[in-house]
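As written in TrEMBL, here are the features:
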- 1-22: region 'Disordered' (REGION)
- 8-22: compositional bias 'Polar residues' (COMPBIAS)
- 38-112: domain 'Archaeal Type IV pilin N-terminal' (DOMAIN)
- 43-67: transmembrane segment (TRANSMEM)
Amino acid sequence: MIDRPHSSDSTFSSREISTESDYNGGKSAKFGFHTDARALSRLVGIVALLGVTVALATMVAVGASTWSLDSSPPTAAFSMTADGESSTITIDHDGGETIDVTEVELIVDIDGDELATQPPVPFVGAVGFDGTPDGPFNAEGDTEWEPGERAAFTIAETNDPALESGETVAVALYADGYQLATLEDDAT
């Protein structure tokens, strides 16, 4: 019968030596580093886990930086009058937040038909409009439209449709991409 070493026997290792390279105490004679497969697997696992963690953290950081929290639209109240004799539309800022006119867009329609050329506020001497607008719609003035201020522009006869007394004028007012108001008045 062959005598086998017991695990309690200190003269034998629980690991059998199978090749000459293993005999060098777990060191490779050729490269001079540890070749214990279990230790190498553990190192590869740690490096792989660290790489996955860094990649996920980068993806989350990039993704979070592209998200934007929707800001709420400015809150403001407006009123409008339309004068058919002078073809002038006047809009009053009745209260609420100050509006940056450079972010304002107006869509004007007369009796359900949009103007061929919309007012490019703020402006001075635009095609389709007579003269320069009043108040913050004038590009050479203050572009902040504050409560209590009045803005006005006059539609030229060359713009279609022309504004005449008795017609219904509707103005949709947008700021920062949000519709702030839809104003309506019958021209006097």
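Here the Cβ of each residue, glycine as well, is placed from N, Cα and C on the backbone.
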Stretch-averaged pLDDT - the domain 'Archaeal Type IV pilin N-terminal' (38-112): 90
DSSP-derived helix, strand and coil totals, residue by residue, for the domain 'Archaeal Type IV pilin N-terminal' (38-112): 32 helix, 26 strand, 17 coil
